[in-house]
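Undergrad: Structure incoming, see below.
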Amino acid sequence: MLNIGLSGSTGKMGETILERIDKFKDCKIAAKFNSTNNLDDLDNFCKNSDVIIDFSTPEILEKLINYALKHNTKLVIGTTGLQPQHFKLLEKAAQTLPVLYSANMSIGANLLSYLAKEVTKILDDYDVEILETHHRNKKDSPSGTAVMLAETIASKKGLNITFNRGNRLRSEKEIGISSLRGGNVHSIHEISFLGDDEIITLKHEALNKNSFSIGAIKAAIWLQDKPSALYSMQDIYKI
């Protein structure tokens, strides 16, 4: 039986994972950590877990990683809003532990990223813009998924990523990200390739959080026999 520790257990993603875990055989939620806990509780939390699924806040990541290293606990990180210093921590931890990070764990969003990469090879001279839409209460902007998509495309085309263009003209070597917040929209990401004569748009819409939670649980199971490295969901889906 795979013992999964769930960090952020009282958040929306945590609650969805708790609802979906019974759909999977040979794994269970063995430990929980949430905002009511003290950071030192992460010690026993990691000790009692084979792998941790983390949907909490960036502020606890360093402590979580330290205790995971202490107890050799594998990590699946889905927390968004991470900064460069957090990614350095993940890269360092991945030298000792198998670590999987993804801003979006649904197969649809990762397929969108793959398709965007393939389209970019063909539409090399098209302008690229990303529009992401989420519910009114989402804290981070742009979304982690939008940044993931932009980085995928930018790396292939040698573009700079622009979050807030304001009133300046669009430069030739950039990809822009625009954000909408409102209503109870779960997640919509659109990538537009804009040419002089036509526009091609790739779109993914999540109707609920189920696809994210299922992806996270699959990631925890998949990670069990993997060597130390930093993985993504595209390693699981082989895309």
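Every residue, even glycine, has its Cβ placed from backbone N, Cα and C.
So Swiss-Prot lists the following for this protein:
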BINDING   G8, S9, T10, G11, K12, M13, G78, T79, T80, S102, A103, N104, M105  NAD(+) binding site
ACT_SITE  H134  active site, proton donor/acceptor
BINDING   H135, G144, T145  (S)-2,3,4,5-tetrahydrodipicolinate binding site
ACT_SITE  K138  active site, proton donor
Undergrad: Setting H135, G144, T145 aside, what same-chain residues sit with their Cβ within 8 Å of the center of the Cβ atoms that define the (S)-2,3,4,5-tetrahydrodipicolinate site, listed in sequence order?
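TA: Along the chain, the qualifying residues are T80, A103, N104, E132, H134, K138, D140, S143, A146, S187.
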Undergrad: Please report how many Å separate the Cα atom of G144 ((S)-2,3,4,5-tetrahydrodipicolinate binding site) from that of K138 (active site, proton donor), as a whole number.
TA: 11
Undergrad: With every protein chain in view, what's the tally of Cβ atoms within 10 Å of the Cβ of K138 (active site, proton donor), excluding that atom itself?
TA: 16
Undergrad: At a 10 A cut-off on CB-CB distances, which of the binding-site residues G8, G78, G144 has the highest count?
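TA: That would be G78, with the highest Cβ count within 10 Å.
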Undergrad: Would you give the longest CA-CA distance, in whole angstrom, between residues of G8, S9, T10, G11, K12, M13, G78, T79, T80, S102, A103, N104, M105, the set recorded as binding NAD(+)?
TA: 20
Undergrad: Given the binding-site residues A103, M105, which one has the fewest other C-beta atoms within 10 angstroms of its C-beta?
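TA: Per-residue Cβ counts within 10 Å for the binding-site residues A103, M105 bottom out at A103.
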Undergrad: If we count other C-beta atoms within 10 Å, could you say which of the binding-site residues T10, T80 has the fewest?
TA: T10
Undergrad: Looking only at C-alpha atoms, tell me how far H135 ((S)-2,3,4,5-tetrahydrodipicolinate binding site) is from G8 (NAD(+) binding site), rounded to the nearest Å.
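TA: Cα-Cα distance, H135 ((S)-2,3,4,5-tetrahydrodipicolinate binding site) to G8 (NAD(+) binding site): 19 Å.
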Undergrad: For a quick check of packing: other C-beta atoms within 10 Å of the C-beta of T145 ((S)-2,3,4,5-tetrahydrodipicolinate binding site), how many?
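TA: Step by step: centre on the Cβ of T145 ((S)-2,3,4,5-tetrahydrodipicolinate binding site), count other Cβ atoms within 10 Å, giving 25.
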Undergrad: Would you mind reading off the Cα separation of A103 (NAD(+) binding site) from T145 ((S)-2,3,4,5-tetrahydrodipicolinate binding site), to the nearest angstrom?
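TA: Just about 5 Å between their Cα atoms.
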Undergrad: What is the one among the recorded positions K12, H134 whose Cβ has the most other Cβ atoms less than or equal to 10 Å away?
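TA: That would be H134, with the most Cβ atoms nearby.
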Undergrad: Validating a neighbour-count step here. Other CB atoms within 10 A of the CB of H135 ((S)-2,3,4,5-tetrahydrodipicolinate binding site): how many?
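TA: I count 13 other Cβ atoms within 10 Å of it.
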Undergrad: In three-state terms from DSSP, label G144 ((S)-2,3,4,5-tetrahydrodipicolinate binding site) for me.
TA: helix
Undergrad: Check the Cα-Cα distances from G78 (NAD(+) binding site) to the recorded positions H134, K138, T145 and tell me which is shortest.
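TA: That would be T145, the closest of H134, K138, T145 to G78 (NAD(+) binding site).
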